[in-house]
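Have a look at the structure below before the remarks.
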């Protein structure tokens with residue numbers, strides 16, 4: 001993620017290190033990042049965090065995949081719960097299995 | 001009985017001399033002849049290799065590359081087809097699995113889409129763990145090992 005936190009002691013040397021850490025070099029989240037950073041640049045320090053919240057959350061999601069992982073966990077837990085409750089048999093415990101090398 | 005003691009002495013005429021001179025193996029070729037033979041042999045084999053063996057290797061290589069290139073579109077199409085079909089199957093399975101869970105919407109988490117700002121029709125491919133969500137965990141681990149993804 002872009003280095004968006006302003007350091008306590010801002011000098012020209014810390015400014016030099018600011019563009020070093022970004023996802024702009026061949027990263028799947030580079031579009032999300034550049035949109036968020038552009039938005040922040042347009043709205044500034046005070047309005048930015050409010051106006052660009054969705055973009056920030058999307059960037060977060062792209063980097064950490066929180067929602068997707070929670071979804072996967074919830075589905076696995078639901079499957080286990082159904083098996084324990086007796087709604088699901090051991091033969092059809094699992095759903096569709098992907099074909100090899102299809103990812 | 002002979003009572004005289006026989007003293008052990010060198011043989012008559014003394015011991016044989018110790019041979020310390022070098023005894024080199026017989027050399028058949030030396031110097032210029034050897035070099036000339038080396039060049040001749042190398043030249044002949046190189047000539048034979050590049051005129052009779054290497055064209056065959058090139059031909060074989062071209063055949064292999066052509067076969068690979070010819071089958072690649074089919075393999076890629078099959079791969080894409082299997083991928084999309086599995087994505088669809090995952091969606092159906094989720095719908096079936098989470099039918100009794102209150103408040104669950106297919107493809108969403110807590111009623112919110114995964115990416116808020118993206119267009120609704122944008123296809124975002126699943127993560128590997130999501131792709132193997134309904135499959136046994138061991139399959140996912142094997143695939144992650146294959147893809148060298150840290151779990």
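In case you wondered, yes, glycine gets a Cβ from its N, Cα and C as well.
According to TrEMBL:
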- A:29-A:62: disulfide bond (DISULFID)
- A:39-A:52: disulfide bond (DISULFID)
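Its Cβ taken as reference, residue A:29 (disulfide bond) is surrounded by 18 other Cβ atoms within 10 Å in the chains shown.
Under a cutoff of 8 A between CB atoms, and with a sequence separation of 6+ in the same chain, the neighbours of residue A:39 (disulfide bond) are A:48, A:51, A:52, A:55.
Following the DSSP three-state reduction, the secondary structure of residue A:29 (disulfide bond) is coil.
Cβ contacts within 10 Å of residue A:52 (disulfide bond), excluding its own Cβ and spanning all protein chains shown: 22.
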